[in-house]
Every structure is written in C-alpha cells, then in structure tokens.
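Some features that Swiss-Prot has for this protein:
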type     : residues    : note
SIGNAL   : 1-23        : signal peptide
DISULFID : Cys48-Cys62 : disulfide bond
DISULFID : Cys53-Cys64 : disulfide bond
DISULFID : Cys59-Cys69 : disulfide bond
Amino acid sequence: MTLTKSAVLILVLLLAFDNFADVQPGLITMGGGRLSNLLSKRVSIWFCASRTCSTPADCNPCTCESGVCVDWL
C-alpha cells in the first residue's frame, strides 16, 4: 500500500471514530466510570489484603477475617 493510501485510510478511520464518539457520549462516559470504579476497588483490595489484624479496629475501613484484613466487594 502506498503512503498516500495509508494516510487516507488512517484519516477515514479517525473521522469514523470521531463521529461515533459524538453520537454515543453516554456510552463513552459510562465505560469510563466503570473503569474508574474497577481501579479503585483493586487498590482497596490490595491495600486491605496486605495487613494483619487481631481486632476489627485494626482494619478500618476493611474487616478482620481470620487475622487478615479483607474488603468484601
């Protein structure tokens, strides 16, 4: 494929994606919110799972289960 044809193909694909994003703003926003929520839950699990506990107060905001802090999702 020549350089000109490649450039035209890339331009067409970019314009098609731009039109899709304009037509579907709710879908794009909803997906971003889900991803953000998922990342915060993973950080919470990692933070809680690395700690040991003897009482529930040791794990705030997590819970103490069998001597380990956990966060049930």
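Cβ from N, Cα, C; glycine included.
The Cβ of Cys53 (disulfide bond) lies under 8 Å from the Cβ of Cys59, Cys64, Gly67, Val68, Cys69, each of these being in the same chain and 6 or more residues away along the sequence. Here the Cβ of Cys64 (disulfide bond) has 19 other Cβ atoms within 10 Å, regardless of which shown protein chain they belong to. Over all protein chains present, the Cβ of Cys69 (disulfide bond) has 20 other Cβ atoms lying within 10 Å. Residue environment of Cys62 (disulfide bond) contains 20 other Cβ atoms, counted within 10 Å of its Cβ in all protein chains. Cys59 (disulfide bond) has a Cβ environment of 19 other Cβ atoms inside 10 Å. In the three-state DSSP reading, Cys69 (disulfide bond) counts as strand.
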